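K.L.:
A single structure is presented below for examination.
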Amino acid sequence: MSIAETETAPPPWRQLLGYVRPHRWSLIAGAALSLVTGATGLLLPLVAQGLIDDLAHDRAITGALLAMSALIVANAAVGALGSYVLQRTAESVVLGARRALSSYLLRLRITAVDRTEPGDLMARITSDTTLLRAVTTDSLVGLGTGGLTLVATVVMMGLVDAVLLGVTLAVILGAGVILGVIVPRINKASRQAQDAVGVMGASLERILGALRTVKASGAEHREEIMLHEAAQESWRQSVRAAKWSAAAGNTAGLAMQIAFITVLAVGGARVATGAIDVGTLVAFLLFVFYLMSPIQQVVGAVTQYQTGAAALTRIQEALRLPAEPAAASAPLPSPGTRPAELAFEDVRFRYAEDLPYVHHGVTFTVPAQGMTAFVGPSGAGKTTVFSLIERFYDPDSGVIRLDGRDLADWELPQLRAAIGYVEQDAPVLSGSLRENLLLGNPEADDDALARVLKTTRLDGLVAKLPAGLDTLVGHRGTKLSGGEQQRVAIARALLRRPRLLLLDEATSQLDAVNEAALRDTVADVARTTTVLVVAHRLSTVTMADRIVVMDAGRVRAVGTHRELVTADPLYAELAATQFLAAAD
Ligand code: ADP
Ligand code: MG
């Protein structure tokens, strides 16, 4: 699903001004320098007029030539400085947008992530923001300086000869009408081109995330076709935008040439009747020539803005996805050492309005300390219990309480600081083992690290690794076995000194050593922390102080293994088949 366009979005230019505002002074400085370049350029025709006069009256032209050379050099220097300042400012605008988007995307609600293509979001951060560079320099500055230069030039032309100015303006107005038709087409094509880049990003992400499966399925060719199609679509739309941009640019250029010829003809006639002299005509023609650049600038600004507006709209859409409130970047709040107490009260929940309910009134309580196992067939809603505790989602009705307090009343960082969460198939991030462990608590000291490694029986593994804790693991590093990965994830969670540990046991088989290590670890932790385990193994289940049996979004029974084997037929069946098989 793509990111939906929202009706109340402010126009793109407002958003652009928002990104530009922090850099307005350097932008104005750059624009002023460009203006000075334009203004010094404007003096040239006057100097030229003087030079021709001097020639006509047999006067020396050294002074005029020197003035002209000085002007040209000064013009170039100021122009270079101005262009540097502007480019730098434009890069800062891109940086600002990238930072805003990056911060925002890290705060996205999981619900928003569920419904968007990560690859498309990535394209919005990387590719769409890049387009803001050109829109800042070419559009904003182009419109400002080009517009001002244009007005100044027109005023000067009026002072030189009003009749010839009238002729010039008539031609320009004609071109303006044609441009009014062309410009909206650039916007549409640009938007489609950027959308296609987003589709490509989404495809790439999908393929690279499952490259082994794609290869094993012999699906490279079909995936290649999809990627090529997206690339081709972006090309097609960009070419369309380029076509209309070229048409716009050349309409302006053509108009200026027509203006030049018309001015030459009308001006020539006026020279013949003696209404103006040759110097005046030459000066005016030079002005027409100088008008070319600000007009190209303004037209460029308008066409460039169309591309930028398309990108800005895409950025804005990403910034309107539901997100969690911005958290202060404060260090982790001290979670305290008291084990947490948890209660679900008639919780109903579905992942989206168009999806069926996953929890139909789930109720259970977990006292502080000890271990509670959740068992039930796949799809029963066990993992969802954990997602709700972490507030990745909020229940549609009912209440979840931690320490008697509704989760909705907790500050999110405080809530999550109290919890250690080990996902089912918890990922090991690429980087060193140390980085992986410190992810949730970068301030943990070596003692704490050593303790946790011992608890999770990872100390043996670390001793064997070539570079110990600094061994690279995960993607592009040493691959850890499933059991080791899981214990790394547990160690990572424990380093946060959680008051509540959520452990979603991997369904994959563990070897006997890993299994025993895991069991001892959990037993250790449960002495000081409230532990919730989604369990798939009898060894885990029998250890539990209480077992919650879930089926189809409801709690069927709660009890100990001994009680449930006789009291609950589903549990008895699970115990007889799944658990026992897994325990072999
Ligand atoms: P369990 O962990 O007991 O196997 P889950 O809690 O993972 O079950 O899932 C319960 C139901 O919710 C399943 O039918 C599953 O397809 C659905 N489900 C899980 N996650 C999502 C999600 N992010 N979006 C939509 N449906 C989901
Ligand atoms: Mg699950």
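Cβ atoms are placed via backbone N, Cα and C, with glycine included.
Here's the feature list from TrEMBL:
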- 28-307: domain 'ABC transmembrane type-1' (DOMAIN)
- 342-577: domain 'ABC transporter' (DOMAIN)
- 25-48: transmembrane segment (TRANSMEM)
- 60-86: transmembrane segment (TRANSMEM)
- 131-156: transmembrane segment (TRANSMEM)
- 162-183: transmembrane segment (TRANSMEM)
- 244-265: transmembrane segment (TRANSMEM)
- 271-291: transmembrane segment (TRANSMEM)
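Walk me through where these features lie, including what they touch and how far apart they are.
P.N.:
Same-chain residues lying 6 or more positions outside the transmembrane segment (25-48) and placing a CB less than 8 Å from one of its CB atoms are 64, 67-68, 71-72, 74-75, 78-79, 81-86, 88-89, 92, 136, 140-141, 144-145, 148-149, 152-153, 156, 282-283, 286-287, 290, 293-294.
Distant neighbours of the transmembrane segment (60-86): 26-27, 29-34, 36-37, 40-41, 43-44, 47-48, 50-51, 54, 136-137, 141; these residues of the same chain sit at least 6 beyond its ends, with a Cβ under 8 Å from one of its Cβ atoms.
Tertiary neighbourhood of the transmembrane segment (131-156): same-chain residues 16, 19-20, 27, 30-31, 34-35, 38-39, 42, 86-87, 89-91, 93-94, 97, 165, 169, 194, 287, 290-291, 293-298, 300-302, 304-305, 307-312, selected by CB-CB distance under 8 Å and a gap of 6+ residues from either end.
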K.L.:
Where else in the chain does the transmembrane segment (271-291) make close Cβ contacts, counting only residues six or more beyond its ends and a cut-off under 8 Å?
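P.N.:
Answer is 41-42, 44-46, 48-49, 52-53, 56, 150, 153-154, 156-157, 160-161, 163-164, 168, 256, 259-260, 263-264.
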K.L.:
Sequence-remote contacts (6 or more beyond its ends) of the transmembrane segment (162-183), Cβ cut-off under 8 Å?
P.N.:
154, 244, 247-248, 251-252, 254-256, 258-259, 262-263, 266-267, 270, 275, 284, 288, 291, 295, 299, 302-303, 306
